[in-house]
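A short worksheet on the structure shown next.
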């Protein structure tokens, strides 16, 4: 709710125009709700007009249908401050003022005409540029939560929690990347496509085959693992046994990424889609932060998975072998059957984890053929930050990257490009401590 | 199916301005990667800085074209300096990640709403080609049968290919010299070079700056030939495609990047035109049930990815490279 | 100017066989040099002096810190503490390439020839002060042609001396292990060093070539250079060195003439006691694999 209002507010500040989103604002879905388009029949004016719609957004009173606010006077002036017309909101809360055509206008609300108990929470005058011949819809926030009033601490905690969620998703993918790098020395530029693979597979199982999201997600982990195993078997293992250099393999991975990305787009299309369930959920208020149930579930699943991986890595023979191969590059270079077996398991596990990351990311927002590629740099940043090749480093690095990304805008990083904060931190860390937080300094000579 | 227009598209682009942009980017990468072994994955960033340097100087500061070009070149040299000082002492794959991250940061910042007043937001900048266009000596385009270019293309190609030739000449002169010998030695084993009293860091920095400035030149040319600078043009894919072009032609060869860029665009445009024709019209060669025209436009990139993999696995020296003398020990 | 070897040896023979003993005419002097790797002191040298104009051997068991000391002295690694000087000029924090330019040039345990350059190009690279290695002058051949010719003729002389002249135009990657060692040594001479530091010059060299390599090392001294070398081959150490420094567990445990050192109980102890803590990095892969396997099994049994 708070984030929603904040978004609305900033959009208005930027001079863009939005119709008031009613209390469906409580959903966490980032797309505008279905009520975003106002029925033009509400207004008696035909032809180009600026239509102002006033709704009481007070929490509790609102529900899903915030009540309209009638009887309020609004004034429209043109670029040179000449008044063009004024109107009073009707029972639907709509006031329409006819305008001569496209251009820049300013819309003011007469606060004295607001009914008792209804307060303006934004600016009194809005600048509107009309680009459509039909005119423009305008809304003033009434009784909304005032953004400035939200204490910094609360916004900070909210950002940290949201950053941790983002970081946990990254961590799943980063553990896979780190394991694969540690055991094979491959800087895998097609790792993002393992993430997308998970999201798209789950979408196919869920939307096309009609399986429930949870079942689709579980199946996807297995299919993702199989995909990783197969990739290693068909491509990477033969390359390793040919003695292909790591830089050559890195470029092969760039080619593979390009291939897979375009294949995904070929079959999935360029559109962004959602799973059939859990698309929009109300956020619950947990005191200092709000989270929807699915967000809580995403975090729990990620934490449990990291726990399982931790157990595998420390308790099982396979896990110990993985760590051993990862710790001793000399050993992984000597390619016996046993090492190849370990690397096969690493690919399977790494790809399964990345597929899960993709499912959770798709659940959190939406599914798209580029989603993994767009996350790749964040995953790299997390892995390097924590220390290339160390699994715990990858988790720690991911959480830090996630939090920096989300908290950055509070500290002055432009909100539209918040990833920049994380990338700058990545570069700074490399300068101060190239081996990463948990990495060991390399021995020279 | 009209094979004439497919051939026309392929040849027009193989010799056209777009191939020149790639040739310049790849010549820069050749100095970085082919000769010195530096993994610069942020060439798009150098190009973007060159292009925006030019555009900002001319659009926002009203400076004349030559000064704009100078600003673009200086900006890419400065970027090389800023990236090089901290990272050239680190492992090769770290340089790759830092440069890729820096290029992304630049692209995001150039395209951000918050910096719109300077860089023009996601639409970028335009309106800086008045001088450039006024210098165009051609009165009309040309059609040579198997290829055709517009009047503006012809002008861009005239300037562009001269610049490419000069860059190749410079590369040739540098790489036959003792300076080039030091670079090629660094590519193989920088500790050996250090033990012989050479300041390895200085050489790497010079190589990074030279290749970055040539990349910046590519960005400037890109801006002039399409009369606008759009941030989304400078994505990491641009770098990856430039690498593909370089590897097709052969790394550590003077003409490798040029020939590679021409082949790259020949294939991309030819395949694009072929699949576009095969899926369009009333009775398409490939029915829509097999693939739609949107899907068909992706085939060339799928093949490009596959081609890059196969090239790297089976012929890492490229088409003209000598297997004995390349940076990529793929065996 | 060549030092009189006989008198230099006599002067050394008169010295006590103590670790860090003062030399009559040291070219390198180091104090309190320490370097730790993950809590393990790889090098902990209180005082070291290398006598000018003679051949000094640095010996010790695996993991004694010999190569690390080499790396520290030549600027390839940075010590935790310590100071050292070459010809009375302090070298602390001096980068490796400047150390080389000052006349202190090293070779590497794993030979670093540039495989994809020809033998003659490898040699030419070694020459210092080349005008053609500067960015702008390099573009025009006129600026560097004459110097390049002079460098080439010097390189050809050295190749002839090291019997590599027939390989002149071949890629260095095609040379045998012994030829690579020779090329590396010849290339180092292109720098015209006062002190040449050879890291295991005999490693991987076939017996037929060993004798000629020994001759070349001696000839370096005979033309007036100081030689410091790391070696495992005791026969070689006995044959050609004028002075021997023994390291164990990062410290200098003994010094002396070859004869005196071979008889020293401290040296025998150092070698006998060394088997248990062999350096991991120098173990071969098979042994490492076996060790990891054993560790996994041990952990398995605990659990």
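Cβ atoms are placed via backbone N, Cα and C, with glycine included.
Nobody curates TrEMBL annotations by hand; they come from automatic prediction.
Quantities reported herein were computed from a predicted structural model and do not represent experimental measurements.
Per TrEMBL, the range carrying the annotation transmembrane segment out of B:262-278, B:279-295 is B:262-278. Listed ranges B:179-195, B:298-314; the one TrEMBL annotates as transmembrane segment is B:298-314. Ranked by Cβ pairs under 8 Å to the transmembrane segment (B:262-278), the stretches B:38-59, B:65-85, B:92-113, B:236-255 are led by B:236-255. Here the listed stretches are B:65-85, B:92-113, B:207-224, and the one with the most C-beta pairs under 8 angstroms to the transmembrane segment (B:6-31) is B:207-224.
Here the transmembrane segment (B:207-224) does not touch the transmembrane segment (B:236-255). Their Cβ atoms form fewer than 3 pairs under 8 Å, with each pair 6 or more residues apart. Ranked by the number of CB pairs under 8 Å to the transmembrane segment (B:65-85), the listed stretches B:38-59, B:92-113, B:154-175, B:236-255 are led by B:38-59. At the 8 Å Cβ threshold, with sequence separation of at least 6, the transmembrane segment (B:92-113) lacks contact with the transmembrane segment (B:154-175), having fewer than 3 such pairs.
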